[in-house]
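Here the structure comes first, spelled out in structure tokens, and everything after it is commentary.
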Amino acid sequence: MARLSLLTLLALGSAALAKKDTFQTKCAALQHKVKLPNVHVNFVEYVPGGTNLDLPDNAPSCGASSQAVSTDMCRIAMAVDTSDSSQITLEAWFPRDYTGRFLSTGNGGLSGCIQYYDLAYAAGLGFATVGANNGHNGTSGEPFYQHPEVVEDFAHRSVHTGVVVGKQLTKLFYDKGFKKSYYLGCSTGGRQGFKSVQKYPKDFDGIVAGAPAFNFVNLISWSAYFYSLTGSNTSESYLSPAMWKIAHDEIVRQCDELDGAKDGIIEDTDLCHPRLETIICKPGAKDTANCLTGAQAKTVRDVLSPMYGVNGTLLYPRMQPGSEVYAAGIMYNGEPFQYSTDWYRYVVYNNPDWDDTKWSVEDAAAALAQNPYDIQTFDADISSFRGAGGKVLTYHGLQDQMISSDNSKLYYARVAETMKLPPSELDEFYRFFPVSGMTHCAGGDGAYGIGNGLGSYNGVDPENNVLMAMVQWVEKGIAPEFIRGAKFAEGPGSAVEYTRKHCRYPRRNVYKGPGNYTDENAWECV
């Protein structure tokens, strides 16, 4: 018996080795099999699981010199021409443990950065995964300068081109091709997801689009607007991070328990309309460490108010309350916001010397009138996507410090009004989940671990993983009624302190008891 067991083990080992060799051989042969128009293969390599992959060609500003890879995969890197004067850098990661699903990742900010962490995440879940650099390298908007083709890549063409090429490569590499196609992105990646919904409705069966940067031109102007409110760090209207903490604590004091629980988390920011007069320093007060001046209180009120244009029309909704501490060092730091500066200098005015400290709503009007390649991405008629059978799931953190979650609520309302559909009808193809305690795409004070990436992973169960929830919706017809978030005790990957079910909009979470606020069953969507 011992001899038979040994022979059996050897046979199994040989079969596994043969399987491994077959996969590696197939990977090595891929480079010479690619004969696609405008596609220039740079290299193909087999990458074993457990590798910390060096990324020497990744722009330093992208902030990733390496990426941990959890699964055996075949990596193909290429350049794809998008016009006579533009091209994208594209990578496809084909995992050994393939599930028959194709997925495209997105990007962030103004960046030309392949999001390798998303490639690793999706490939690790068995998706044939592609990611592109948006038509330029690095996080600056300078490559847009006098290069409209690069702007077009950024606006819509990069992701779509990557999808077209990626699907062809997937069919070339895997004998069975793919059965369903998906998208996963956040921020600019969220906007790209909705651009696919609006412009390329047949590209994906299921789209997960987080914190979308749609209403893009007005978002850029809104981000520029904050400097006009705060002024420089010597202005009387400026608040230091410590002062923003004072404001935040008062906002939480006024709004925390509106959901029924005192847990430091605002579950429904729509109910929160704080009055900051309560923390204005008294005349002649000697101790001003825990209060604000009248000018500073006005700044907070202005930040928490919508931005209107030259003719009084709404351009962008308010920053939702509760994000003050996280936004202080980014949006209200006494300096113009760099993405806004770059967009105005290199796209709107094509003038690298444009003075970003002089921005006004007249500039916002000029930018919106330009709207190159409809980068606004705010078309509310998504009937073609619905007709194609597509599903879109969007989420937005209610502590988002860079893109107001109120903008996602505005778009939801515009879709409902334009398509003349109540939430019960929208639910068939478009579901929106505000996530309390989540900052921009991940992180925050609450249960933000929804499985939208490596930094928020809490298992593959569809109830705990927003991407797998989309897979279940597309492939089994089971739509998510909630998305469960995990509150990590010490950050991503640490012990889960508690979980919370985040409600499908327009429902909101209310604490009913009788358990502690950490008990997800003590909450109810109403």
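Quick reminder: no glycine exception, Cβ is built from N, Cα and C everywhere.
Per Swiss-Prot, CYS62 makes its disulfide bond with CYS113 among CYS113, CYS186, CYS255. Fewest Cβ neighbours within 10 Å among the binding-site residues ASP256, ASP259, ASP263: this applies to ASP256. Cα spacing between CYS113 (disulfide bond) and HIS440 (active site, charge relay system): 18 Å, rounded to the nearest whole number.
A separation of roughly 15 Å, to the nearest angstrom, links the Cα atoms of CYS62 (disulfide bond) and SER187 (active site, acyl-ester intermediate).
Within the set of disulfide-bonded residues (CYS272, CYS441, CYS503), the lowest number of other Cβ atoms found within 10 Å of a Cβ is recorded at CYS272. For SER187 (active site, acyl-ester intermediate), the nearest neighbour among the listed recorded positions (ASN137, ASN233, CYS525), judged by C-alpha distance, is ASN137. Cα-Cα distance from CYS281 (disulfide bond) to ASN233 (N-linked glycosylation site): 20 Å (rounded to the nearest whole number). The recorded positions shown are CYS186, CYS255, ASP259, CYS441; of these, the one with its CA atom nearest the CA of ASN137 (N-linked glycosylation site) is CYS186. Other residues of the chain with a Cβ within 8 Å of the Cβ centroid of ASP256, ASP259, ALA261, ASP263, ILE265, the Ca(2+) site, are GLU257, GLY260, LYS262, GLY264, ILE266, GLU267, SER436, TYR511, TYR517.
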